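Asker: First the structure, which I've put down as structure tokens, then a few questions once you've had a look.
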Amino acid sequence: MNPNVLSLITITGAIAIGAISPGPSFVMVAQTSLATEPRNGRIAALGIGVGGLMFAVTATAGLGAALVYAGPLFMAVKIAGGAYLVYLGIRLWLASIRDDSTEEGSRAVASTRTFTTALLTQLSNPKAIVVYGSVFASALPLHPSHWLLLALPLAVAGVELSWYLIVATVMSRPGPKRVYSRAGRTLDRVAGTAMGGLGAVFVVEGARASLR
């Protein structure tokens, strides 16, 4: 098989597996789709897809692998990303406590804010940086074709966007919405705890590595 085609299949498949694995981006899209109108869930999915495109472009250029192997810089990114996830977790908890027309629960959530939050959630996940950097570094040919350099970011972004559009569509259906209407506070707290807890782990790991 042509090495460029094999690389495209390998990298896209690996990123697809990573996208399906639950993480901060899944929590963000699912919670947005449950708590607000369906349109916001799709906008959140778009933000995740754009984040994937940005990761893919930097990884194709070799910057992703360079960041992963540049210890101090990666640790700083890990701490900052973890801190942002903790912030999002706290926001979800505060929304569940207030239980009013906050930005998470209101149908009037600004599209730009939803998109920005989704994009930053994707970009702040250090595990995504590691996955993109390592997968591209190991599977990209030494001398890739020009078409591959163009196709890879688009294919990866398409995978991310497609998966999270599926998540948004499923979570926006009447069944999940009914569950959320009855147990929204609890679900927000679970989501906030999961996201904040994961962010705290990233902060601690980054801080420990920086002190070595």
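The backbone N, Cα and C atoms fix where each Cβ goes, and this holds for glycine too.
Annotations per TrEMBL:
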type	residues	note
TRANSMEM	45-69	transmembrane segment
TRANSMEM	76-94	transmembrane segment
TRANSMEM	147-170	transmembrane segment
TRANSMEM	190-211	transmembrane segment
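Looking at the shown structure, can you explain where the listed features end up?
Answerer: With a cut-off of 8 Å between Cβ atoms, the residues of this chain six or more beyond the transmembrane segment (190-211) that come close are 23-24, 27-28, 30-31, 71-72, 75-76, 78-79, 81-93, 96, 126.
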Asker: Near the transmembrane segment (147-170), which same-chain residues lie under 8 Å Cβ to Cβ, leaving out any that are not at least 6 residues past its ends?
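Answerer: For the transmembrane segment (147-170), the far contacts come to 4, 7-8, 11-12, 15-16, 19-20, 25-26, 29-30, 32-33, 38, 41-42, 44-46, 48-53, 55-57, 60, 122, 136, 140-141, 176.
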